[in-house]
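Let me begin by presenting the structure, written as structure tokens, before commenting on it.
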Ligand SMILES: NC(=O)C1=CN([C@@H]2O[C@H](COP(=O)(O)OP(=O)(O)OC[C@H]3O[C@@H](n4cnc5c(N)ncnc54)[C@H](O)[C@@H]3O)[C@@H](O)[C@H]2O)C=CC1
Ligand SMILES: O=C(CO)COP(=O)(O)O
């Protein structure tokens with residue numbers, strides 16, 4: 001497998017950071033943005049000002065307005081945009097090469113994981129999933145970061161991890177795509193909840209309880225979907241849950257803080273909130289849990305708050321009065 005050139009599609013914070021990481025790894029990188037003007041501005045200034053202001057891009061990153069042939073394709077658009085994006089791409093540019101899915105979310109309507117969307121739209125692509133505790137600004141600026149890279153073939157996954165690894169970016173190869181994708185999607189839902197705990201001033205003890213019970217719920221979901229609960233001990237599970245559920249830097253956490261302070265989803269969105277994938281994923285995860293027969297009171301709680309069907313006080317009272325049970 002040739003792994004020299006990389007195309008990253010999506011000129012937002014994460015696409016720009018992954019382009020920079022691949023460049024640090026020594027690859028020749030194209031960053032596929034939406035317009036010629038955007039590409040020219042990035043190439044002229046060496047900065048993607050709209051996405052990661054202040055971060056100079058390495059010389060081996062070149063912005064382009066359309067996908068051209070590359071050995072590795074990385075998708076870095078929001079989860080709800082992946083299908084539309086794929087529908088506009090030439091199938092030959094995705095066939096028989098690694099396509100790395102980096103969005104963290106479940107698709108509205110279909111309940112699909114990102115690699116299921118890819119299988120629908122580009123069945124000849126080789127799917128890989130990249131997830132883990134990694135803020136774009138940290139990755140782009142060369143702060144130490146470790147992530148999980150899951151793929152179906154152990155040798156191909158190790159080769160791809162090696163091609164993307166740099167001095168400050170360390171992908172660990174794994175084989176449980178389902179576990180990694182569900183972990184990445186659900187941690188955003190729990191981050192909304194943890195942010196709400198902070199916004200409603202419920203205390204650090206409540207937040208820690210939520211993280212632990214969220215982890216247990218996530219394990220039930222992953223197992224029911226056919227993934228391995230063991231995956232959750234790793235970077236994509238515990239790692240990202242810890243990061244996103246405890247950091248005000250997280251956009252999902254910030255959105256949750258606003259919900260906890262009593263604002264409505266519509267109001268937060270109307271005030272120009274940054275992308276918070278958990279908002280779209282919460283109802284999908286709730287529907288998925290119902291369809292699998294998995295008990296998921298925390299996902300249901302977030303879904304209800306995001307939809308404006310319950311306020312935080314009612315939700316907390318409901319969760320605290322559930323029948324007592326054994327922890328395991
Ligand atoms: N920002 C971060 O620190 C991290 C983000 N992620 C994930 O990466 C995904 C993207 O997030 P960000 O880049 O941060 O969001 P963002 O809001 O900064 O950027 C999204 C980009 O996608 C582009 N886009 C949307 N639909 C498109 C389409 N159909 N065709 C082409 N471009 C399209 C937008 O123009 C925008 O440039 C999300 O799923 C997020 O959870 C994962 C790890 C870290
Ligand atoms: O996924 C992320 C870090 O691993 C980014 O989290 P937010 O999307 O909540 O900012």
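Don't overthink the numbers, they just go from 1 along the chain as shown.
From the backbone N, Cα and C atoms, a Cβ is placed for every residue, glycine too.
Where the annotation comes from TrEMBL, it is an automatic prediction and has not been curated.
Database features, via TrEMBL:
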type     : residues                               : note
ACT_SITE : 187                                    : active site, proton acceptor
BINDING  : 14, 34, 104, 136, 251, 275, 277        : NADPH binding site
BINDING  : 104, 132, 134, 187, 240, 250, 251, 252 : sn-glycerol 3-phosphate binding site
DOMAIN   : 6-154                                  : domain 'Glycerol-3-phosphate dehydrogenase NAD-dependent N-terminal'
DOMAIN   : 176-316                                : domain 'Glycerol-3-phosphate dehydrogenase NAD-dependent C-terminal'
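Sequence features annotated in TrEMBL and their locations in the structure.
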residue : record                               : CB count, 10 Å
14      : NADPH binding site                   : 26
34      : NADPH binding site                   : 13
104     : NADPH binding site                   : 28
132     : sn-glycerol 3-phosphate binding site : 25
136     : NADPH binding site                   : 20
187     : active site, proton acceptor         : 35
240     : sn-glycerol 3-phosphate binding site : 28
250     : sn-glycerol 3-phosphate binding site : 24
252     : sn-glycerol 3-phosphate binding site : 27
275     : NADPH binding site                   : 19
Listed recorded positions adjacent to ligand 2, that is, members of 14, 34, 136, 187 whose C-beta is under 6 A away: none
Spatial neighbours of residue 277 (NADPH binding site) that are distant in sequence (at least 6 apart) but have CB under 8 A: 78, 79, 103, 104, 105, 185, 188, 252
Cβ neighbour count within 10 Å of residue 251 (NADPH binding site): 22
Tally of residues which DSSP labels helix, strand or coil - the domain 'Glycerol-3-phosphate dehydrogenase NAD-dependent N-terminal' (6-154): 48 helix, 36 strand, 65 coil
Using Cα positions only, nearest of the recorded positions to residue 34 (NADPH binding site) (132, 134, 187, 240): 134
Close-lying recorded positions around ligand 1 among 104, 132, 187, 240, 250, 251, where CB distance stays under 6 Å: 104
Collapsed DSSP category at residue 251 (NADPH binding site): helix
Cβ-Cβ neighbours of residue 134 (sn-glycerol 3-phosphate binding site) (radius 10 Å): 24
Between residue 250 (sn-glycerol 3-phosphate binding site) and residue 136 (NADPH binding site): CA-CA distance (Å): 10
Rounded Cα-Cα span from residue 240 (sn-glycerol 3-phosphate binding site) to residue 251 (NADPH binding site), Å: 13
Residue from 132, 134, 187, 240, 250 whose C-alpha is spatially nearest that of residue 14 (NADPH binding site), among the recorded positions: 134
Segment confidence, the domain 'Glycerol-3-phosphate dehydrogenase NAD-dependent N-terminal' (6-154), expressed as mean pLDDT: 98
Spatial separation of residue 187 (active site, proton acceptor) from residue 240 (sn-glycerol 3-phosphate binding site) - C-alpha basis, Å: 7
NADPH site span - longest C-alpha distance across 14, 34, 104, 136, 251, 275, 277, in Å: 23
